[in-house]
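J.: Sharing a structure, written as structure tokens. Questions coming.
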Amino acid sequence: MTISEFVGCACIAYGPLLAMFVFTIMQDPIRIIILIAAAFFWLVSLLLSSVFWFILPLKNTLIFGVVMSVLFQEFFRYLIYRLLRKAEAGLKKVSVPDTNIEITNNKHVLAYVAGLGFGTMSGAFALVNVLADISGPATMGLKGSSSLFTIISAVLTSCFVLLHTFWGVIFFNAIDTHNHMQLAWVVGSHLLVSSVTLFNSRMLYFSSVIPAITVLVCSAYMAFMICGGSCRKCKVVCGRGGGGAQGDVTPSPSNSAT
Amino acid sequence: MNLVLFSLCALHFLLNLISVSCERQDINALLYEKFDKAASCFRLLNGTHQFGCSSSVSGSLGVIHFIQNEHDIDWLINNAKAGPYMAVVPPKIFNQRNLMLELQSSKDISGILLAINGSSDRPEYFSPDDTCPNRYSGEGTCSEAWNPEGTSLLLVDWGKPMFVVKDPVVISKMHECFLKFNQPFDDSQIHKSLCSLQMKSHMHAAVDTPTCIRRSNSITFVFNPLSYCDGMGDKNIISTLEPIKKPDNRSILLFSTRLDTASMFDGVMLGAMSTMTGLVTFLATAKLLSSMLPANSSYERNVMFAMFNGEMYDYIGSGRTVYDITQNTFPKTSNPIGFEHIGLMVDVSQLSKSTQLYCHTKKMNNDVDLLTKDFCRSLETNAVKPVTVSTEVDEELPPSSVHPFLKKDKNIPAVVLANHAKQFINRYYNGLMDNASNIEYRYYNSSDIPEGSVQDALAKISTSLARSLYEWVTKKRYSGSEVVKPDIIDELLHCYLESRNCKIFKDANAPEEKLTADLTPLYVGVYKSVNPITKLTALTHVYFTGRDVNISESNCKSSVDDYSYYWISGQSGKGECKQTTVQLLKALSPAFEIDGYDWTSREYSTWSESVWQEMSLRMFLKPSGQQEMVTLIIGLVTLVLSFVTVYWLKSQAHLLFQIEVGVAC
């Protein structure tokens, strides 16, 4: 009966992801392959962190599992960075006409696609369980749980999808330019945002959503700057376009070859 | 100072996070509260109609509404807007047939939950059976209202699901949820999330038994091997005092009782007074009679013990026996008996702690009258104080296993023994509250049983009955001193009403058999599966009436000639071999076996039970339309906004991310 709740939550969580996929990934087979590869890497990191969680003590202290999982994810982000840098030479040779030029010309595109791959898989794992259950006749709130639960879950999932994308861009750039501050930002903010989601179990939803969104905005700005954007350009573009654009800033580096 | 404050805050924050422990919080468990102990009403069919309940395929949904009185029903049916509703009714409302039918016929009610709030929630009477049980299968017109408080709700086609909950914890959970979310009870309900129930009990069968059998037979595809309904029935337990060999006319006394109760809900019937008292008295009488009469005594007369199954559903067991007698296959094809051999039929019906026993006979105005009156008189003279017997001459006998026999041959002398005259004194006939407290039973566990208790009364009735049966067989009075001890009755009632893991059932089973403590309902069920209680009762009967023989365990199994052999624990617990004539005979209505049987003829029982896959009851919160809409709209807005933004960014990318040549990026 609450098929409308299902659709609503799915749109909140996966809407931005879908939009990015449609406009920036879909046309290029190489990008799709990289997206899937990144998603696979995220999956392996999840597998390894759950194996470690299973083997090591402190099973019941959730924060321990969270920290470990974050570290594993960042480690695998590094691995996919290495892999993609190695593959770069090969990618240049595989030239499908008019498609993968950007990938080879703009390093940020690779980072962006890999980040989105991470986000896709983590988004799927975060919400699919919840979505499957809320497609029934019931809504949250029966046993003292808040009716906001589903919508907050969806918003957080959406945040994580976008965060992973931005983190991907920042992370790759940080390693390329040996910028330790950016590296620390990625790992630190990932740890922070993952940890604050633990407040959800106490129904302190806003203490998890507000930090998550703050970190999201900061990361978005950083990624935007890294990719060569600036406030000045933004103003110019807005002025030109009639000031109609707003909303979250999604970096979609493309066509930057000059 | 600020730094200290900050680090304190940080510490607090960290501690807070560390203390979040890992417990599995299943989303499903947060959304739904499942009630496992709820029993569901199911669908039964007879030759012409369907009865009982069924939900829709995916389960029926409705907003909980607790009903206290007629006004609530009125509001629910005429004024409530946030429907459909699930009506939660107490037993006192369930007892009022007109109110229940109002709920049944309303489209705004999607299901009914009977909430019995603990054992103290007992109305003065509660019987969902007919005022004249087995109305259409008796030998007469059923002019007497034997069961005046009967509501006949068993014979209603509800068209919606119905569950019963007896656990006060479950009921208070529902009530709390109902008060928390559903108040106030007015039109504002439309705009709120409401506490609701889902009932899943979809029944596969419909219309009537012949339709359902035809549909079952027409399933030819292998990938759908499911049947829609099964004929009801089980096994009759039949034994004789001595093996039957060429009996004389009128030389067999058929001593009978019934084994089952009718039930509206799955797995909850005990039938303490409706069935158990009669059955227990029967078993104790058989035990005493077997020990009174020495082995291999060659009397002309014989006693046949018969426990008929499925009697509450138009006499399945006794109807089958009558059919087998006409086919010359009862009790064995080698030595069949006919109706002319039955010299007297004595049926033990409902009993209680009342020592006033009624000997019901039928007014015949011929020789048969003499035979039945003789027996009643013999019972009167053999009565052990304080049991008193009065003869009750009826136009029609009370509903009991004698009916199918009389329908076939009305000159069979038949007597029905019961604790009531023209009306049942049992006010819970085939009802959910017909349990130990209805017969004022409590387990004494081999301590002294006081006089005036139900155990004492039943023991004395059994003794009186065994003595008069002895007199009938031997044609002389019993001079010994053997009696039924109240302990036996105490133990038997404990087995049937409180725990199967009891002394007598343990003794009567094979030594390695493990018994569970739960209770088996006495509802007869479908013929395909044997009710465990039938097997236990048969073994108890073997244990009570079988003869000890010196045979080792390995040889003690087959049946030879007239006897069968059972290896049971016995009192010692080591195991002993019992020689017995006990047989388990088919109690399936012949209607299911006769080709081209006319299902509307009322000759034999036509009851069948629908097949179902799942029965479940769960509580959840139904979202308000407003909440659903808000979520949907936020979602759609997000989706559209993302598409617009990303498209815009992509189209402006060459301006936004313009990188000066030469900068490594």
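Glycine residues also receive a Cβ, built from the backbone N, Cα and C atoms like all the rest.
Any TrEMBL annotation is an automated prediction that lacks curation.
TrEMBL lists A:6-25, A:32-56, A:62-84, A:109-128, A:148-171, A:183-199, A:205-226 with the feature transmembrane segment.
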J.: State the non-local partners of the transmembrane segment (A:62-84) in its own chain: residues 6+ outside its ends, Cβ under 8 Å from one of its Cβ atoms.
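T.: Counting only partners 6 or more residues beyond its ends, the transmembrane segment (A:62-84) has Cβ contacts under 8 Å with 34, 37-38, 41-42, 44-46, 48-49, 52-53, 56, 110, 114, 118, 122, 167-168, 171-172, 175, 186-187, 190-191, 194-195, 198.
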J.: Of the listed stretches A:6-25, A:32-56, A:183-199, A:205-226, which one has the most C-beta pairs under 8 A with the transmembrane segment (A:109-128)?
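T.: The stretch I would name here is A:32-56.
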J.: When you check the transmembrane segment (A:6-25) against the transmembrane segment (A:205-226), do you get at least 3 Cβ pairs under 8 Å, counting only pairs 6 or more apart in sequence?
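T.: As far as Cβ distances go (cut-off 8 Å, pairs 6 or more apart), the transmembrane segment (A:6-25) and the transmembrane segment (A:205-226) do not touch.
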J.: Six or more residues out from either end of the transmembrane segment (A:32-56), which same-chain residues have a Cβ under 8 Å from its Cβ atoms?
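T.: For the transmembrane segment (A:32-56), the far contacts come to 21, 25-26, 64-65, 68-69, 72-73, 75-77, 79-80, 83-84, 110, 113-118, 120-122, 125, 168.
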